[in-house]
Protein chains: 2
Amino acid sequence: MNVTGVVVEYNPFHNGHKLHINETKQITDADLIVAIMSGNFLQRGEPALISKWARTKMALNQGVDIVLELPYVYATQHAELFANGAISILNGFGANSVCFGSESGDIKDFHRLIKFINENETTYRESIRDALKKGVSYPKALSFAFKKLKNHNQVLDLSLPNNILGYQYVKAIYEQKANIKPFTIKRKEAQYHDKEIPKQSIASATSIRKKLVKEQDHLNSINHVVPSTTYDELVQYRKMYHNFQDWERLFPYLKYKVLTSSPIALANIYEAEEGLENRLSQTINEATSFQSLMEKIKTKRYTWTRLQRFCLHTLTNSTKEEMSAINDTTPYIRVLGMNQKGRKYINNQKKYLELPLISTISKINHPFINIEKRATSCYSLGYSPIIQAKLIKEEYAHPPVII
Amino acid sequence: MNVTGVVVEYNPFHNGHKLHINETKQITDADLIVAIMSGNFLQRGEPALISKWARTKMALNQGVDIVLELPYVYATQHAELFANGAISILNGFGANSVCFGSESGDIKDFHRLIKFINENETTYRESIRDALKKGVSYPKALSFAFKKLKNHNQVLDLSLPNNILGYQYVKAIYEQKANIKPFTIKRKEAQYHDKEIPKQSIASATSIRKKLVKEQDHLNSINHVVPSTTYDELVQYRKMYHNFQDWERLFPYLKYKVLTSSPIALANIYEAEEGLENRLSQTINEATSFQSLMEKIKTKRYTWTRLQRFCLHTLTNSTKEEMSAINDTTPYIRVLGMNQKGRKYINNQKKYLELPLISTISKINHPFINIEKRATSCYSLGYSPIIQAKLIKEEYAHPPVII
């Protein structure tokens with residue numbers, strides 16, 4: 001049986017995602033599509049627009065057979081750790097292929113790149129170190145170092161965001177010796193960070209979120225870029241939860257956290273380094289919004305994403321010690337949802353799975369789960385007290401969504 | 001020169017307080033009235049209705065000559081530690097008398113009581129311990145133990161709240177060998193916890209606060225129980241700050257704090273004992289308001305006030321270790337405000353004061369001040385971001401109010 005994994009955020013699920021699923025099925029000849037999806041918080045260090053359950057429904061309604069959760073400890077990390085987590089869970093779940101979007105679109109590029117970087121490893125690492133000393137951000141340093149390598153322009157362009165992520169998936173497969181074959185599809189039309197909704201039917205998730213958060217009444221304006229099932233889910237979500245989530249709703253809690261934490265406590269937060277926590281403490285009082293805080297703490301040294309992730313770990317009180325669990329802890333497989341085909345697969349496979357399978361988390365004792373629960377608590381605080389209680393109850397006791 | 005201290009909260013200043021000042025001046029023959037006033041948070045573990053600066057103005061406008069701050073580390077404690085702090089600062093400031101309201105109204109009662117309890121100390125302590133073992137609250141245990149002492153009914157009734165506080169002031173004077181003569185005035189008319197505004201001109205601060213918080217538009221209904229200067233200050237405050245402060249506005253932050261703290265971190269909070277912190281963790285998710293939280297965690301063992309104080313220390317992240325500083329740290333004298341007479345006194349006396357005198361705190365490094373700053377940060381979060389910044393700036397840089 002051909003089980004294909006896709007690594008997703010679906011924030012929210014849109015026509016581009018639908019296209020990716022269709023193309024994936026074609027090129028991998030998949031019998032089953034397993035999406036491994038980030039939960040409440042995303043790789044850019046942001047809360048998801050809508051709950052993991054609503055996003056799971058959106059995926060199942062559009063051809064995904066099983067949705068697994070990518071735990072917070074992986075989902076809110078830079079590309080390498082993010083990819084490592086996703087590949088290890090997909091591998092443990094028995095996926096035998098993975099398909100990702102990239103600017104390149106040719107999987108041979110990725111295999112060649114792995115070989116090329118292996119051959120140039122020493123030079124590459126030295127150049128990265130030199131570039132970092134000059135005070136540029138980590139992604140910039142990677143890009144500089146790569147461009148200094150002889151013949152780099154004969155392999156994949158590693159300055160493009162989806163090529164980077166794809167490279168990390170393929171690298172993780174090699175390093176973990178995972179029994180997974182990678183595939184890639186060329187990304188079309190919408191660029192990842194587009195801010196405007198185009199007239200055609202494919203738009204970036206960024207532009208869709210922007211529209212939904214800023215103009216909560218204008219669901220109509222995104223109607224043509226999402227499947228009707230997504231649209232209906234968004235309408236229903238807004239009706240039940242009253243608002244979509246964003247950082248500004250959580251900002252008061254971040255502010256409170258920074259104002260009441262000791263310097264030592266802040267320095268122990270994951271990703272606090274080089275006095276970043278002092279920068280946060282010193283500017284928090286002047287900031288009247290999350291946006292203004294970010295503008296105040298931004299420097300050349302750190303990317304916006306890196307800083308958002310640090311703010312997020314501060315909000316969720318995720319310490320260096322706790323997060324170091326990813327180095328030596330076997331992950332679990334948490335099923336967020338499945339259709340009937342997916343259910344059959346799980347029932348047949350569950351005794352052969354290499355990782356523990358969990359559905360509701362209330363009774364699970366696992367270091368990742370403690371962080372997950374706390375992340376959900378923080379996520380819920382962006383809503384009214386009654387919705388808060390509902391979201392937390394869902395986290396603890398929600399069975400997988402079944403369609 | 002006759003300097004008389006009064007220990008106050010002025011939350012807000014009302015006609016009863018005015019009466020107390022007038023009577024104090026008469027019986028102590030005071031040349032100068034020094035009020036030592038709690039800052040942002042009060043003995044009952046609640047935020048003050050309005051800022052310390054507004055309350056300072058109210059006091060100066062009605063015959064108080066100098067207002068000093070009772071630091072958070074003393075102001076939010078049970079009667080004994082509260083009184084110890086107030087007396088030590090008043091003594092260090094050169095007050096030679098103190099005048100407090102009591103149900104008794106006769107200072108001889110207090111001297112006799114000190115002697116009586118000293119004589120029965122062993123029996124008294126044993127009875128307190130026995131009562132506590134039965135699971136009653138600390139104040140109840142004190143009262144039981146006192147009532148078991150032979151001839152207790154021939155001395156002061158220690159089951160009345162103002163007699164208890166008065167006893168602690170007089171005891172602190174004895175223990176500290178303070179050069180202070182205590183006086184007391186019989187409390188009239190309004191009972192401390194009255195909830196309704198009476199027709200006459202004296203009402204309890206509790207009833208006034210209730211009116212102001214519940215019906216923020218009905219300032220008129222308290223007009224006859226406060227001096228016109230208080231009324232004007234309240235009107236102006238509401239205009240500038242948009243709302244009066246209460247626990248409900250801070251509840252979301254308490255909830256966040258409890259949800260994101262480790263069990264160890266909560267157990268380290270000051271006044272966490274006998275699993276109180278677990279009770280808080282276990283009920284916080286069901287609570288949709290501070291009131292409902294309090295009702296859920298209330299037991300026979302702890303008074304409402306004791307529980308509110310624990311919630312407050314949790315909110316301000318005040319740990320056992322930090323708060324233990326009161327045992328071996330010399331306090332400072334922080335002047336919140338003064339009139340011209342008060343100013344002259346301070347200018348003449350400042351070189352003779354036994355404690356360090358501070359006005360603005362921005363550059364002061366003192367363990368109490370760190371807690372004070374954090375308390376102000378928490379207090380400010382009950383307001384809009386712009387008011388937050390204003391309140392925090394005031395805390396750091398506000399010079400004493402001078403009228």
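Including glycine, each Cβ sits where the backbone N, Cα and C put it.
Some features that TrEMBL has for this protein:
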BINDING   B:7-20, B:GLY101, B:ASN162, B:ARG187  ATP binding site
Under DSSP, is B:VAL7 (ATP binding site) part of a helix or a strand, or is it coil?
strand
Cβ neighbour count within 10 Å of B:VAL7 (ATP binding site):
24
Starting from the Cβ of B:LEU19 (ATP binding site), draw a 10 Å sphere and report how many other Cβ atoms land inside it.
17
Could you check the binding-site residues B:TYR10, B:PHE13 and say which one's CB has the most other CB atoms within 10 Å?
B:PHE13
Does DSSP put B:PHE13 (ATP binding site) in a helix, in a strand, or in coil?
coil
Per DSSP, to which secondary structure element type does B:LEU19 (ATP binding site) belong, with helix, strand and coil as the options?
helix
For B:ASN162 (ATP binding site), the three-state class that DSSP assigns
helix
